[in-house]
Structures are given as C-alpha cells and as structure tokens.
Amino acid sequence: MERFKSNAGEHVNPAYDSNLDGPPTYQDVRAVRPSVVSAFGHDTLDRVPNIDFYRNAGSMSGHRAVRPSLQELHDVFQRNGAISVPDTVQDDKDDDESDGSPYDDVESADPPEKMQGGVKFGWIRGVLVRCMLNIWGVMLFIRLSWVFGQAGWGLGIVVIALSCVVTTITGLSMSAICTNGVVRGGGAYYMISRSLGPEFGGSIGLIFAFANAVAVAMYVVGFAETVVDLLKENNAIMVDPINDIRIVGCITVVLLLGISVAGMEWEAKAQLVLLVILLIAIVNVFVGTFIPATPTKKSQGFFNYNSKIFLENFTPAFRENESFFSVFSIFFPAATGILAGANISGDLRDAQKAIPKGTLLAILITGITYLGVGLCVSATVVRDATGNTTDLINPGTVCNGSAAVACELGYDFSSCAVEKCKFGLMNNFQVMTMVSGFGPLIIAGTFSATLSSALASLVSAPKVFQALCKDNIYKILYFFAKGHGKNDEPIRGYVLTFIISVAFILIGDLNMIAPIISNFFLASYALINFSCFHASWAKSPGWRPAYKFYNMWLSLVGAILCCVVMFVINWWAALITYGIEILLYVYVTVKKPDVNWGSSKQAVTFVSAVSNALSLSGVEDHVKNFRPQILAMMGSPKTRPALLDLAHSLSKDYGLCLSCEVFVGPRSEILQDMNSNMEKNQLWLRKSKRKAFYAAVACDEFREGTDSLLQASGLGRMRPNILMMGFKRNWRTAGAESVQTYVGILHDAFDFEYGTALLRMKHGLDMSHIVEAEEEMLKAAREQEAVESEGLPNGGKAKGLFRKSRKSSQQVPTTRVSVCGPPPPQIAKINDKLMEASAHFKKKLPKGTIDVWWLFDDGGLTLLLPYILTTRKKWKDSKLRIFVAGQPERSELDRQEMNSLLKKFRIKCDDIIVIDDLHVKPRADSLKRLEDMIEPFRVRGPQVEAAQQRQQPWKITDEELSSFEEKTNLQVRLNELLQEHSKLANVIFVSMPIARKEAVSDYLYMTWLDILTKDLPPTLLIRGNHKSVLTFYS
C-alpha cells in the first residue's frame, strides 16, 4: 500500500535497466554533434529531429539513436551537466542464440539491402513483371475463347470487368496499407497482421502460404498435361498418361526449385525470359487474326474479322448447364495473381512505391490484354464449326438458324445443332493456336504462362511462410524462420514447399483442391480490403497512408465482393476456407502471442471504449445497474495477493477494479520507480489473468496520495465506488502518525461517499518482504551469470537492448546471496503460513459458508457483495448465511421479515439467523482483553486529559471511553458471537462500525475494528455509502 524509495542512484534514462541499484556508467560519451552546434550556436543536450530516433526498441539492425529523456533535460542543470547520453545503443541479440520469441519491432530493422549487399528489385522487375506473368495464365490461351463463346462478348466484358473491379479495389486497399509505414517481408501476411493484428494475420498467413505451395503443383500439372498431349501426338508416351504427368511434373518442380534456391537474381532472370516468350505469344495471336484464313481454318470456324460474326457473338449462349456465375467462377482464378509482387516485399528496393505502381499497372495491362484477345476471337471465330472442309453451302441456299453467319460465309455448320462439333469457340480449347500466326508459339506461351506462375508461387510461399515463422505466432514452426545468404533466402521454406507440391502432384486431386486454393487467395483479398476499411474507420492518427486514392467504403465493398465471389466459385470450398480460418483465429487468440504491432483492432477498441464511456456519462445512475467498482489500496499487486484476489472476485465481469499504489517521498527520487512500475505491474496483472487496472501516484504524504486517487480515479460513470484496503495489523506499534493516516483515509472515503471494505486475515496480507527477497535472489543470480560471462571468449558481451558497465560488479552477488540466505525456522514457518493464507481466495473454496452479518442497513452493499461471490465457480460450494440483529420476543417475526426481503431481492440463502442477545454484556475475559489493548493509548485524569488531548488528540480519554462505552462493548460482544457462530466460515462479511469525526479518537476506532475481527476466519468489514444498491422493482 505504501512504497518508499530505496537508496537508489540518480534518475537516468528509463530505457536503461532500472533493476540495478547503482547509477549506470555509460560506455559511450556523447560527442558534440556538428549539426546541433551549427543549428543553435552552442552545444546542447537536445537533439535535432532525426529518423533514427523513431526506430522502435529491439531493432534487428542493432543500432538506433537515443534522444535524452525529459527528466534528463529537466534535471541536467541541477546536476551540473553530469549526464551523458550515448548517440546510439546496440542490441546484441544474436540470431543463433535467439530464444525464439518475436522481436518487438521487426519493422524497425534496417532494410536488408544494407546488410552485405543483397539483391533488390525495382517496381518493374519486382512487381509489374511478376504480377503480369501470374495473371497471364493458361486461361489466356485455353479457356478465354470458351468464356466468350458461352457468355458472348457482351457478358464476357462484364466477367473481365467484374474481376478487374475486385482486383483493382484490392490493389487500391493494398496500396494504402503498404504506404502507411515501412513494409518488410511477408507480403499479404505482413500487411494484414500489422493492420488487423496477429489473430487475423496468423490465420490468413498460414493458409495463404499453403495455397501458394499447392498452386505450384496446379501450375506444374497444367504444364505437364500440355507436354503429355504433345507426347501423345508424337506417340512418345513413356509409361501411361497419368504417370507421365507425374514424372514430368516432378522433374519440372526440381528444376524450378533449383532456379529459386540459386537466388532471387536467377529467378528474376528466368521470369524475364518467360515474359518475353509470353509477350511474343500474345502478339502472335493478334497478328494471326489479320492473316487471311485458309480453307482449313475456315472449316474450323475462323474467318478473320467480320462484323456479322462479332454481332452474332454478342449475346450469351450458355450450354451444358452453364450460367453467368459458373463462367465467372471459371475465369476469376486467372485474376488472382495480383499479390505476386507484394509477396516478395522484403526483396523490393522501395516496397512503398513499387507495390502500388506495379500492381495497379499490371491489373490495367492484363485486363486490357484479356479484353483485347477476347474481343478479337469473338470477331473472327464462330461458336460452332465441323472442321470439315467439304461442308460448303450450295448456291441459293437460304441461311437461317444458329449457323446463319457461317452459311452466309459459305459453310454449312448446321449439323452442329444436332450433334456436338469439335471446333468453334464453344468446343475447341485450342482456338488460340488455330487463330495465331504460328501455332507452336502458343504452345510456348502456354508453357511460359504455367512455368512463370509456378515459379512465382514457389518463391511466394516460402517468403510469406518465413515472415510468419519469424513472428513466432506458431512456435512449432519457428524452425523455418532462419534465412541463408545475403538475401536471407528461406531455404528450409523452399524445401517444405517442394515437398508439398510434389505430394500434390503425386497423390493430390487437383480438380477438387483448385476451388479451395482460389478461395484461400480470395480470403486474403477480403482481409486486405477489410484491413484498409478497418484502419480508416478507426480514425487513428497513425493511419496516414501516402497513397490517397482509396476510399474506406470502397474497400468495404471490395471485401464483401470477395466474400460473395468465394461462394460463387464454390460454396462448399468457401465454407471450408471460413472454417479453417476461424479455427486458426481461435488458436492464435487462445495462445495470445506476445506481440504488439499497433493494429487497427486496438484503435477501434479504443474508439469504441471512449464512445461507450461518453454514452454512459449521459445516462443517470440507476440502482438496477449498480456495479461494484473497487479501488483497492494494495501497493504493488504482487505484495497483497489475497486482497487482489478478493477484489477481483467481486468485480470480475461485473465492474471496475483498480489496483492502486502510493509512492511516498521526494518526487525527484520516486518518479523513476513509479514510472518503471506502471507498465510492469499492469503487465503482471494481465499475465496473471486479473481483470484490473494498475494506478499509482507520487506524493509527499500517503493520505494525500490516497485522496488524489479517491477523487480523480476512473472515467465518467466508470468511477470507483468502493474503497478496499487491508486491516492495519500493526496499528499498536506503527506510531501515531501512521494510525492517523490510516483512520484519516477511512474518514476521507466516507466524506467522498465511497463504500468501504477492510479485509483482515489471521496471518496478515503483506507479502512484500517475501517478494523482495525473491527479486533479490533473482537479481543476484543474474549478476552472478554476468560475472561468469566476463570470462567467456566473447568477453562476456551483454545481452539486451542496451549495455552499461558496473563498478565492482563481482563483489555484489556474494553480498546479496548472503543477505538472501534462508531465514530462521520460526520466521520461515510464519512466511509459509502467510503464503498459504495469500492463496486463500485464489483456489477453489471447500464446502462451507459465507456468513453475512448484516447489522446495519447501508443500502444493501453488505448483502450484494457476498451474493456476487456465490455466483463464482470458486465459491459454488459455499452456502450463504444471513445474520441479523433482533429482539428476543420477536425473533421469528424478524426472521420472516428478512426472508421476505431476500425473496424480493431474489437472493437465495441457506439460512437466516436472528441474533437476539447482542445487548448482553461481554464476558469478563473479553473485556480484560479490551482493557489490555487500549491501555497504552489512554490518558487519565481530567487535567492530564485536557492537556494531552490538545497535544495528542488521537489518544483515548476516560470521557471518550465513557461516552462510547455501549458501542465499544458492542464490538466486543459481536466478536464473541462471531467466534460462536462463524468460526468455521470460509469468509465473514460484517457491517463496519463508523466513527464520528472529531468525536472518536483514532486509537479507539482502531480498537473497535481490531476487537471486532480478532481471531476470526478471513473477515471483510463493509459499510456502504447508504445509497441503495438493491431493488425489488423491475
């Protein structure tokens, strides 16, 4: 409850380790910076603005600049300029000795290009080329003609436009996210996790990496099928078609793996070669449409550009149960390559500029290409053709029906209306080969499209997976975080991707898995769009994307569109995707990775909390909505665990709990201690699963600090209404000032209309000496390790964020170890009992009772708090018993009245006991114990009383004792009755007596509280603020 500053050194930068007592001696001495001197004309401890000051702690690069703390600037002249701040500090966290926990700031690392000259790509080679190669897939050469044959070029344009709308919105959202700060490796995973937090990022990152790994198998199988078709045509089948596909596929994956492992530079060169081949194949298609058609091509439906063919192909002609949505679901996966550039974000020279420019331009170019090729074939090829050069129209034949245009051009394809033909847009997947100027180039283009997509996925999967593993969200996968070479290549990830792709080539049903993979990609797009919307909606000042051409509502529409398209493609695959994502989300949420990336989820939580608090402040309090909101004066939360556990049990899920501490002493000495404890104690509360807030103040007087907390704690309606403290067991030896302070706090609580609760336990509450001893032992052990490390070959290099030297560090451990030796047996026994008592409210309580001595109507707080305990799992075996005061002649009537009141309050109790002998005089031995207790604090005789009363008003006079004799005897009698009825209770709640200000001395009041609760089980003295907290009205 009260903390005093130890003999620690002067205040220093709080970034440095404050656990050691002595002031640190920095190894680096601040040099005069020319920029500072030239700017101000003199040397100053202040620093000019610099980007290095804004790197977060834990920079993987090892260095960051440190600006002086406010205290150092403020106190420097008081200490004659004795402070020296190093320009930089170093983090010596070696990769080989990492504990596997994620760094606080992966973003703060210097770009890897500064590390040993790694290869970096610009926006063209790094993003534009990769995205175009991934979007230009086999769809362009094999299925696009079929899409435009089924949907017609009217709806075909809609299919392509709708796909481009989804990808463009996603590209805009991605551009906004990646320009809102430095982007490191990990692509979509990195952006989603930093925007929405590790729960969303961890779930989508894993399935996105897996989708890329399986996509390698899909693209390679597409390549292998084309090769096997060529083998069939030349009668060169090796085993059989299925096994030949497996053989060719495995060989291809091995070759692609070799290119990838060789390094990003080789992979980029391979992509450029494939791009050139692909561009030649596309140009070949356009050139072929202008070459006059041969009779063979005409018989297969190709007639060069013709307006009649173009008009005939405008309307849709869906066949074989196809529809617009089914055709769209077949085409859309071709557009899912927009993340190919973002996935290697760690290998880009400037990801913030490259990703928006390259991705959006790739969407534009590929969209125009798809439209151009689709419109060209729609204007030159009819839907059905027989392929028979003899099917010519006789002169004078009237042309009508579905083959009217071909009839007008001199060919009779009317038989296609009766039986299925093999040629035309609807029937022949090799239309592009027929239309092109040189057919083999289309086959080369198909090879290029499949291999480039496979190579991009083979690179993307390990890169994304490595970023996920580095964050250590799934600890079992941390093995794959290690990189090799100057580009930090994920060799282990490449091997894993290779194994997955080969497995699916050998045993996977790719036709079944394809819709799931497409949905995995779409789920990533949906979360990218939602990330942009969520960050914009949170209105966080930290959301300042350099890319301004986005709209939060457009991003939300994009997210919804992606979810809709998932179901359009395949509803059961969409459900599987959502199911897997939810399971991974729940897993990461339960594991609670220790990372803080400043996600928009935090920002929205804050905005929502402020909004709700403001809404609540506009509503008047109502008795039905009363909640216990506890301000617990317990010092450091670790030191009084029993008090914290009881306060937590009373407020958990019901109200607010503040764990408060007052640091007493000169502000210059205690501020550092207070500031360093704020975050540490709140973190301890969270890790120990206590739903409470930690608050601390620094004051010259303890009572002054408590008054500050009583008056200023809370926010709006979320303000404490109950003060909870521990009973002051040492009041008889603590001194008059300490007793005055303690009783004065109780008076202040009553003045501020707080409900008040005092907890007394037989063996006490304060465990600070045990906690301090444990900390001393841990500190001594750490120092001993530091001393031993000085003899190591590396010179005992210090670990952590900062280094500092200590004087005589070798002598400290031996001294502390001797101080922290085992205590005497008697003290050890007392400590054991204290530790056992401190866990009383933490464990499940055995069968027993919660005894409530509701002697005075205080608004119902004395009854409400024990009722709340009965709703907790730990207390489910404890029965509620109510004790009330009554008159001897009407005990049964009093019991019935109380029973009726409890029924109206809807509070169940096991028994109601009326105490009708409260007026009986206490036993002689009890009175003797009272006399012995107050004797040291009495003043006797009228003259002595008058003199000492003026000098020592806290002492007990005979007049005072006579005036409050009945009330004093009541406390003694109550203790006798408590001993008789509640000696075996799990906990006792009893109405707390009130002392009138300036009428009852501090020591007499402490005597009342002490004699009332002496030698009892855990007892909570309660007094409400006499405002109703219970009601029987609906």
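Note: Cβ is positioned from N, Cα and C throughout, glycine not excepted.
Note: TrEMBL annotation is automatic and uncurated.
As written in TrEMBL, here are the features:
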- 32-95: domain 'Amino acid permease N-terminal' (DOMAIN)
- 126-631: domain 'Amino acid permease/ SLC12A' (DOMAIN)
- 127-148: transmembrane segment (TRANSMEM)
- 154-183: transmembrane segment (TRANSMEM)
- 204-224: transmembrane segment (TRANSMEM)
- 244-263: transmembrane segment (TRANSMEM)
- 272-293: transmembrane segment (TRANSMEM)
- 324-346: transmembrane segment (TRANSMEM)
- 358-382: transmembrane segment (TRANSMEM)
- 438-461: transmembrane segment (TRANSMEM)
- 494-514: transmembrane segment (TRANSMEM)
- 520-538: transmembrane segment (TRANSMEM)
- 550-573: transmembrane segment (TRANSMEM)
- 640-1034: domain 'SLC12A transporter C-terminal' (DOMAIN)
- 808-817: compositional bias 'Polar residues' (COMPBIAS)
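Within the same chain, the transmembrane segment (520-538) packs against the transmembrane segment (204-224): three or more Cβ pairs sit under 8 Å, each pair at least 6 residues apart. The stretches the transmembrane segment (127-148) and the transmembrane segment (358-382) are in mutual contact, each linked to the other by at least three Cβ pairs under 8 Å (pairs 6 or more apart in sequence). Contact between the transmembrane segment (550-573) and the transmembrane segment (438-461) is not supported, since fewer than 3 Cβ pairs fall under 8 Å when only residues 6 or more apart in sequence are counted.
Stretch with the most C-beta contacts under 8 angstroms to the transmembrane segment (154-183), considering only 244-263, 272-293, 324-346, 358-382: 324-346. Proximity of the transmembrane segment (272-293) to the transmembrane segment (358-382) is established through 3 or more Cβ-Cβ distances under 8 Å for residue pairs spaced 6 or more apart. Beyond the transmembrane segment (204-224), the same-chain residues lying 6 or more positions past its ends with a Cβ under 8 Å from any Cβ of the stretch are 137-138, 186, 188-189, 192-193, 244-246, 248-249, 252-253, 256, 343, 446-447, 450-451, 453-454, 457-458, 460-462, 464-465, 467-468, 473-474, 496-497, 500-505, 508, 510, 513-514, 517, 520-521, 523-524, 527, 577, 580-581, 584. Beyond its flanks by at least six residues, the transmembrane segment (358-382) meets 123-124, 126-128, 130-132, 135-136, 140, 144-145, 147-148, 152-153, 156-157, 160-161, 163-164, 167-168, 171-172, 174-175, 282, 285-286, 289, 301-307, 309-310, 312-314, 334-335, 338, 341-342, 403, 405-406, 413, 424-425, 431-432, 435 of its own chain at Cβ-Cβ distances under 8 Å.
Taking Cβ pairs closer than 8 Å, the transmembrane segment (324-346) reaches residues 112, 121, 126-128, 130-131, 133-135, 137, 139-140, 143-144, 147, 150-151, 155, 158-160, 162-164, 166-167, 170-171, 174, 178, 183-188, 190-191, 212, 264, 316, 318, 354-355, 358-359, 362-363, 366, 370, 453, 456, 459-460, 463-464, 467, 488, 514, 518, 521-522, 524-525, 565, 568-570 in its own chain, all 6 or more past its ends. Within the chain, the transmembrane segment (244-263) has long-range Cβ neighbours (under 8 A, six or more residues past its boundaries) at 119, 216-217, 220-221, 223-225, 227-228, 231, 237-238, 270, 451, 454-455, 458-459, 462, 485, 487, 489, 491, 494, 498, 501-502, 505-506.
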